[in-house]
């Protein structure tokens, strides 16, 4: 895989508080890399450090295929978490301004802007003032602004926050398409369900430190253990006594049995006690969302660190 | 620099497309013209006096001999009448007329030593002073009647005046002829530089709004992904400078033709002198100094309405030279004027006022003041860069003076 960005041992403190510590990851051409974590985990600090908006106290950020010192700003597309647009200007004017700032040819930018406006259902809105757009439309224009100059590396900080489900789908599809065309995408999010279907690799950050880093499959295999959901009237202690059961969560008639990593499902199913009340029965893997919630709430024993070769 | 120019171009275009800016661009000079002309419209007294008609019955031939010695514009509303009119007849005429006065110069006047000036109701009583020009010839006539020769009578009637003389007044008297013209020659380019400073300062204040808006609308971070905070800040300063110059151009286009037409002074001749270059330099330096203050403080404020007194006070800084105005007028080379010249915030304003007043420019002081100004601009730009860099990304709250101090020290 051709590397586009490498971040090594990044660290940053505010006063005496350590915001991020020893953050290392890379982003390859044509892949979607997600930085995940709860609010306040240090995602935005990491991204702002990459963008040069914040200066890290330690660590190294390297943009490959770029010889000179500094950040190749015209090669990067950036959609920050805190984002907005000038209110009293026309859509096309602001898109061309951002293209000009990136040294992108204006003629080409205009064509691309029209193409993307059409793609996002904003055809004919190019001469409309930003203040006349709805919030969702404004977010689409912001997204177009971040990709208007065909960036090699696209950095999206919480791209899905505040979007309705339809717009989320539009964004997801576009991000996938960009990656397929070769753009390296680095995105941060706390919406695991969206990222799960989207990213190739992920970096889970909690309290400023790495928790999990690896490909989606590796993470699932390593951390997303099987869980068995049983609908029926059962005694929790009885369920806990079943072999290979790590813990049980019970709510009314629904019991979720979290299984150990080395469980062999066919054998485990065979040894289930006969007297269990089963109305409904499913076995599946723990979702990224659950892993995330477990880590954030301190339930998971993965604890401080786990690395899968990246 | 290239990126700054892109921002400058954007800020310029954005404002030039803004209806309210375009309106204010033309409205300010038009308002100036209105207020310039307003006093003339309301100056009824002068209008009345200009339009008044004075009828003289000149039995003594005093008026006819005086008339030949007076300029035509003074005598054009005086009319001689051939027949004597009684008081009743005059009153009757005055009841029907406006802006009219009658004077009967008969032997009786010389005997009584008083002239009755009959005026219509609408004329002010002070109008009588206009007829004072008759006093001296009448007195001379009276003395001639008493037996003095014409020459003796003239001398006696002219009276004796007293005047004070100081060494300064002698110098003044020597250069009196060209003095008022010199004064105007000095003032015109300074006034022009003053207008430029004022205009670019007013648009410069819009930088505050622009930086604050960037924060409020959360665009700063997107923009900063393409350029550095310094480039963004400088771009704003250049852009609003361009807008200020456009405002000056509007002033020149609208007001200069009017002044050339209305005021009898060769403006263009007085304006384009080598000194103008120095004055323009002072004006531009003044702009850069205040622009750096406005842009950095703007970056610390999200909502202009909620900005604290501290930020509001910054707007008062350009008007600080007004404090020095009185002392400078009374002594343009005095200690107050000198302090004002070397205190960076007041340097541009005070220097311009002084250069308008002083006949010989104090070049040593000017050079020191310019050095102070250049060093101050450099320092202020550095500080502004530090404040702007952190302030522009601090969303959701206004910065306190304590925080600003911390950013400066970083």
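Note that Cβ sites are derived from N, Cα and C of the backbone, with glycine treated the same way.
The domain 'ABC-2 type transporter transmembrane' feature in TrEMBL is assigned to B:19-384.
For the transmembrane segment (B:21-42), same-chain residues at least 6 beyond its ends with a Cβ under 8 Å from one of its own Cβ atoms are 15, 243, 246-247, 250-251, 254-255, 258. What TrEMBL lists as transmembrane segment is B:21-42 (among others).
Marked as transmembrane segment by TrEMBL: B:187-208 (among others).
Note on the transmembrane segment (B:237-261): residues 4-5, 7-12, 15-16, 21, 25-26, 28-30, 32-33, 195-196, 199-204, 206-207, 210, 267-268, 284, 287-288, 291-292, 295 of its chain, located 6 or more positions outside it, place their CB under 8 angstroms from a CB of the stretch. Annotated transmembrane segment per TrEMBL: B:237-261 (among others), in sequence order.
If you look up TrEMBL, you'll see B:276-301 (among others) marked as transmembrane segment.
Residues annotated as transmembrane segment in TrEMBL: B:313-329 (among others).
Sequence-distant contacts of the transmembrane segment (B:335-356), counting only residues of its own chain at least 6 positions beyond either end whose CB sits under 8 Å from a CB of the stretch, comprise 186-187, 190-191, 193-194, 197, 275, 279, 282-283, 285-286, 289, 317-318, 320-322, 324-325, 327-329, 362, 365-366, 368-369, 372-373, 376. The transmembrane segment annotation in TrEMBL covers B:335-356 (among others).
Look at TrEMBL and you will find B:363-381 (among others) tagged as transmembrane segment.
Long-range contacts of the transmembrane segment (B:313-329) within the same chain: residues 201, 205, 208, 286, 290, 293-294, 297, 336-337, 339-340, 345-346, 348-350, 353-354, 357, each at least 6 residues beyond the stretch ends and with a Cβ under 8 Å from a Cβ of the stretch.
Long-range neighbours of the transmembrane segment (B:276-301) within the same chain, counting only residues 6 or more positions beyond its ends whose Cβ lies under 8 Å from a Cβ of the stretch, are 189-190, 192-194, 196-197, 200-201, 204-205, 207-212, 214-215, 233, 236-237, 240-241, 244, 307, 311, 314, 317-318, 344-345, 347-349, 351-352, 355, 366, 370, 373-374, 376-377, 380-381, 383-385, 387-388, 391-392, 394, 398-399, 403-404.
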